[in-house]
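The compositional bias 'Low complexity' annotation in TrEMBL covers 1-12. Annotated region 'Disordered' per TrEMBL: 1-36, 123-155, 247-269, in sequence order. Positions annotated as domain 'Fibronectin type-III' by TrEMBL: 39-129, 163-251, 276-330. For 251-262, the entry in TrEMBL reads compositional bias 'Basic and acidic residues'.
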Amino acid sequence: AAVPEELPLPSEEPQPEDHKPEQPQTEHPQTEADLGQVALGELRVSSVTPKSVQLQWSIPKGSFDSFTLQYRDAQGQPQALAVDGGSRSVTVPGLSPSRRYRFHLYGLRGRKRIDRVSIDVVTEDLPPPSMDTPTESPSAEDHQTAHPQAKAPSSEAPLVQAVLGELRVSGVTPKSVQLQWSVPEGSFDSFMLQYWDAQGQPQALPIDGGSSSVTVPGLSPSHRYRFHLYGLQGRKKIDRVSTDIVTADGEGQRDPQRKDLPVESPSTGAPLARAVLGELRVSSVTPSSVQLQWSVPRGSFDSFMLQYRDAQGQPQALPIDGRSHSVMVP
């Protein structure tokens, strides 16, 4: 998501000596006159790991079209996450261990900020090597989705067994992957997605039990990843599904298997400069629309075509003028 121009500065910078999680302090400023009609509830922490935080909130009065979560990363760079207006929780991945972060959640109507709540959170220390993290590095020969037999919690009378459906890929870019799954039987309290990053370090993303998809950011282009999704009841792992994914090539990066021939101009026969599309980004989201934007870092295009499938699975296409760099999908 594009970072808004106005980002509140944290009142205090993260300090290296902050190694112990502290009791989060929330603030709820009165920001708009129409707070009387709509208001954000308290911003709370539902889970914390060394590299992620899950936040949740309520809407005691009124409703919002969308939310934006803003914070500064460990390098002091502003970050923003666009959140659908129907959501009441968000997981923030890619954080640093033992670090203080200040998160600001804005409630929006259209593009206007109506209310804001904030919270300070300190991420946990890195676990010792003996803690439960992925125990095997992804191997190139493992290409099939793994679905081990789920184990019922140890008790004299086994509980109704929850089962995870197949883990599927719904979107891939050079630096992110979107995964989705189903729960055909039973239910889980939460999920945990585990994988190894490009540096071989284990990563884990906690996911709310009501979710059925997750986007994994911060990946490397043209890299193979193995993702393990665990279904949890309490803190016990009940079932697991896995999948291997290779991220897309980076901008302008050629596939060594492709034999691209130089494109020739019809009029002169001289090779044309190869046009390149920049990253496709989300600039705003509402329950019924998405605004996308992109750049053209090299060359130019005569026109663009945006394709997608609607909620009924029907293919849709939007023709776009070649001078445009954004489009609203209603």
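Yeah, the Cβs are placed from backbone N, Cα and C, and that goes for glycine too.
Please treat TrEMBL annotations as automatic predictions, because they have not gone through curation.
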Per DSSP, what is the helix/strand/coil residue tally across the domain 'Fibronectin type-III' (39-129)?
0 helix, 52 strand, 39 coil
Looking only at the domain 'Fibronectin type-III' (163-251), how are its residues distributed among DSSP helix, strand and coil?
0 helix, 52 strand, 37 coil
Over the span of the domain 'Fibronectin type-III' (276-330), how high is the average pLDDT in this prediction?
82
